[in-house]
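S.K.: Take this structure first; my questions come after.
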Amino acid sequence: MSSGRIVQIIGAVIDVEFPRDAVPKVYDALVISEGNLTLEVQQQLGDGVVRTIALGSSEGLRRGLSVTNTNEPIKVPVGTQTLGRIMDVLGNPIDEAGPIGEQERMQIHRAAPAYEELAASEELLETGIKVIDLVCPFAKGGKVGLFGGAGVGKTVNMMELINNIAKEHSGLSVFAGVGERTREGNDFYHEMKDSNVVDKVAMVYGQMNEPPGNRLRVALTGLTMAEKFRDEGRDVLLFVDNIYRYTLAGTEVSALLGRMPSAVGYQPTLAEEMGVLQERITSTKIGSITSVQAVYVPADDLTDPSPATTFAHLDSTVVLSRDIAAKGIYPAIDPLDSTSRQLDPMVIGNEHYLVARGVQSVLQRYKELKDIIAILGMDELSEEDKLTVNRARKIERFLSQPFHVAEVFTGSPGKYVPLKETIRGFKGLLAGDYDHLPEQAFYMVGGIDEAIEKAGKLK
């Protein structure tokens, strides 16, 4: 193992000089024994100097300190010993429950599986959330993005999906907290603990208060753990909250390394960095990774380069809308903006497809009529349009649902609605079977039978 010395420190960027015949490779991990800090090589500047990013705080460092090259990229613990544990970007335990005791460590930088190893999936993954199962169904082994601005419910939706899928699906899960609030990480841990599924979840956190190097690499740490489970032939769920913070950490690192920014100040390597991560989140013939990723949308602009780059990699996109949240309809998922590759009669069957498209066409017609209603009022509409508006308003409310994870705040018990029930309810609404019920009966209920029961109480 060769050793060098620090020659320059600028925040999280540290330049280290090595003998010219022992210059570290890009992505090699270097260790500063004093302060126990790990650095990752990003650039070779020539004359034996390498530019590195600190995976931890660089406070207290000084020029001339000795640095040792480990001659390999960062390695993190993998395997069943990681389950039920909380780790940082380097795989060190941060839950005060002793060492991980892993039998194997794997490099966080790996190639994506070869094309011939990949496996397509047609199997649907039922979530129990009406609007998702109906309009943007998830595929087992697929990639899902939850897009939304600040405060429209990305994390709550993700928590509900974890609650519904991780409990129903008896497989293993990996949760990567990338640049999100420490409180949310804490909430998630206790949520898992209370529901007795914590021993099936590995948690990796690089939260908001950490240096950019940690936030940039923590997604890869979580992914490496998920890949190990997949390569053992298991079906694993990977939750990433939040992909935007991964991009943002890349922007910070890119600026610190002195690269020219591209559009909106993002790093010039945005598409490549996203591709490196997303291409590894995939299912092979041995096992599957089903991933759910929250994507923050800056200023509610879906054309921003970061969310726009993420779109290309996903099978299902769930778009959360501020307008729907403002109406008090939760989950605030936009059924017209959200899409899925699975919404195909060959995959989901003809009945489901026709009901989903029927719901979308009624809501689209209502959207078009809103301007006329605002100017002239409901009375000027034709009888057919009046009927469409009334049905659309009922459908809108029926797309809402009480969540298990929000029980503490709402006081109403959460509901898991099976797909068959969802299709039956919306099919009846489109056919006009429930035109006589008041629209308030459809708000915040589970299945259609509950809506009928609620209507009886309202009378």
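Just so you know, glycine gets a Cβ as well, placed from its N, Cα and C.
The feature ATP binding site is assigned by Swiss-Prot to GLY148, GLY149, ALA150, GLY151, VAL152, GLY153, LYS154, THR155.
Tell me about the setting of these features in this model.
M.R.: All chains included, 20 other C-beta atoms sit within 10 angstroms of the C-beta of THR155 (ATP binding site). Reduced to three states, the DSSP call for THR155 (ATP binding site) is helix.
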S.K.: Hey, for the ATP site built from GLY148, GLY149, ALA150, GLY151, VAL152, GLY153, LYS154, THR155, who else sits with CB inside 8 A of the CB center?
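M.R.: Other same-chain residues with Cβ inside the cutoff are TYR296, LEU320, ALA325.
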S.K.: Sequence gap of 6 or more, C-beta under 8 Å: which same-chain residues meet both conditions with respect to GLY153 (ATP binding site)?
M.R.: LEU320, ALA325, TYR330, PRO331, ALA332
S.K.: Might you list, by sequence position, any residue in that chain lying six or more from LYS154 (ATP binding site) with a Cβ less than 8 Å away from its Cβ?
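M.R.: LYS154 (ATP binding site) has long-range Cβ partners LEU146, PHE147, GLY148, ASP241, ASN242, ALA294, VAL295, TYR296, LEU320.
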S.K.: Most Cβ neighbours within 10 Å: which of the binding-site residues ALA150, VAL152 is it?
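M.R.: By the 10 Å Cβ neighbour count, VAL152 comes out on top.
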S.K.: Could you check what DSSP calls GLY149 (ATP binding site) once collapsed to helix, strand or coil?
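M.R.: For GLY149 (ATP binding site) - judged by DSSP and reduced to three states - the answer is coil.
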S.K.: Got a sec? Which of these binding-site residues, GLY148, GLY151, has the most Cβ atoms within 10 Å?
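M.R.: Answer returned by the neighbour count: GLY148.
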